[in-house]
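In what follows, a structure is listed as structure tokens, so that the remarks can point back to it.
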Amino acid sequence: MEDDSQEIQYCFPNNNLSCFRQIKHEVEYVILHMFIFLLSAFTVFLNLLVIISISHFDQLHTPTNLLILSLAVADLIVGLIVIPITGITFIDSCWYFGDAFCSLVLFISFMVVSASLGNLVFISIDRYIAVSDPLRYTVRVTTDKAVFCIIINWLCSSIYAFIILYNSMFYPETQDRCNGDCSVSFKFEHVVTDLIVTFVAPSYVIMSIYVKIFCVAKYQAKVVHSVTGVNRSQRKAAKTLGIVVMVYFMCWIPYYIVSLTEGNKSTVEFNVTCWILYMNSCMNPLIYALFYKWFRKSAIHILTLKIFKPSSEYFSLFPEDM
């Protein structure tokens, strides 16, 4: 019993409704702080490279890249806000920043998750049009339409986050949680609804589109003469962004499985799946670096400060093709 009292304290010792504060060993504190700092810094740094690249270089101002930019902004928010704040709470097992800030962080988290998946839906649609109808792609998909889709995506994501968190934000007393806890609890039917709206339905749309892309690409491969350089480039882009989608699913499916099966959100399994999905936010730039020459080139220009040279926005990143 003495060991337990040394390992567990209260977040607010003078409050009878306080949550328990779990005391960790000093080495564990150091390792966790280093992990969270590195993950946050790495996520912010890599996604800033994507954002600066697409924003600065004129050749990258395409509808597809605008959608990639929107996805990078969502991942940047995760690295800048969600990972550090969630990390502090995870290490100390207490929330010290009040109900208002808790509601804001929860809102941002839900909004970013919805926006990320919405971005992937629009990216999938964009790639399908590019592969299936390359000759009319520039007419059917324009930067103005891409911007409109991005605005609608973020607006709908914000509205959905507001609706699903309404009771938690404005009536925190309805949440069955102790002082020092910043989590939201839903009834099982609400969890299932959220799962369908923010994961199952968009995932079905994305997977259906990529099956169609695969079928079109397979057909085009048989008709050798129809595969132009532009067409090959579009198919390569579809393949790369398909990998982004696949990695997204691999990071998020374990989280949803544990969420539906585990009643206690403080379990090791739940915490592990949460950090796996946070790590997804730093993986997309690594995929771009692996498959996109333009990203590697633009990153070199940024890191060597060549973007400050006159007319640097007109540097040629892919003179032949993407």
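Heads up, the Cβ atoms here are built off N, Cα and C, so glycines get one too.
Owing to the predicted nature of the structure, the values given are computational and were not obtained by experimental measurement.
The transmembrane segment annotation in TrEMBL covers 30-54 (among others).
Annotated domain 'G-protein coupled receptors family 1 profile' per TrEMBL: 46-288, in sequence order.
The annotation transmembrane segment is assigned in TrEMBL to 66-91 (among others). Packing against the transmembrane segment (66-91) from elsewhere in the chain are residues 24, 29, 32-33, 36, 39-44, 47-48, 50-51, 54-55, 97, 105, 108-109, 112, 115-116, 119-120, 122-123, 126, 143, 146-147, 149-150, 153-154, 182, 241, 244, 271, 274, 278, 280-282, 284-285, 288: each is 6 or more residues past its ends and has a CB under 8 Å from a CB in it.
The transmembrane segment feature in TrEMBL is assigned to 103-125 (among others).
Per TrEMBL, the feature transmembrane segment maps to 146-166 (among others). Long-range contacts of the transmembrane segment (146-166) within the same chain, counting only residues at least 6 positions beyond its ends with a Cβ under 8 Å from a Cβ of the stretch, are 63-64, 66-67, 70, 103, 106-107, 110-112, 114-115, 118-119, 122, 126, 184, 186, 190, 194, 197-198.
The annotation transmembrane segment is assigned in TrEMBL to 195-217 (among others). Here the transmembrane segment (195-217) has long-range neighbours at 113-114, 117-118, 120-121, 124-125, 127-128, 131-132, 160, 235, 238, 242, 245, 249, 252, 256, 259-260, meaning same-chain residues at least 6 beyond its ends whose C-beta is under 8 angstroms from one of its own.
Within its own chain, the transmembrane segment (238-258) is flanked in space by residues 64, 68, 71, 116-117, 120, 123-124, 127-128, 130-131, 195, 199, 203, 206, 210, 213, 217, 267, 269-270, 273-274, 276-277, 279-280, 283-284, 287-288, 291-292, which lie at least six positions past its ends and keep a Cβ under 8 Å from the stretch. Under the heading transmembrane segment, TrEMBL lists 238-258 (among others).
Long-range contacts of the transmembrane segment (270-291) within the same chain: residues 39, 42-43, 46-47, 49-50, 68, 71-72, 74-75, 78-79, 82-83, 86, 90, 236, 239-240, 243-244, 247-248, 251-252, 254-255, 257-259, 262, 264, 299, each at least 6 residues beyond the stretch ends and with a Cβ under 8 Å from a Cβ of the stretch. What TrEMBL lists as transmembrane segment is 270-291 (among others).
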Arithmetic mean of per-residue pLDDT over the domain 'G-protein coupled receptors family 1 profile' (46-288): 84
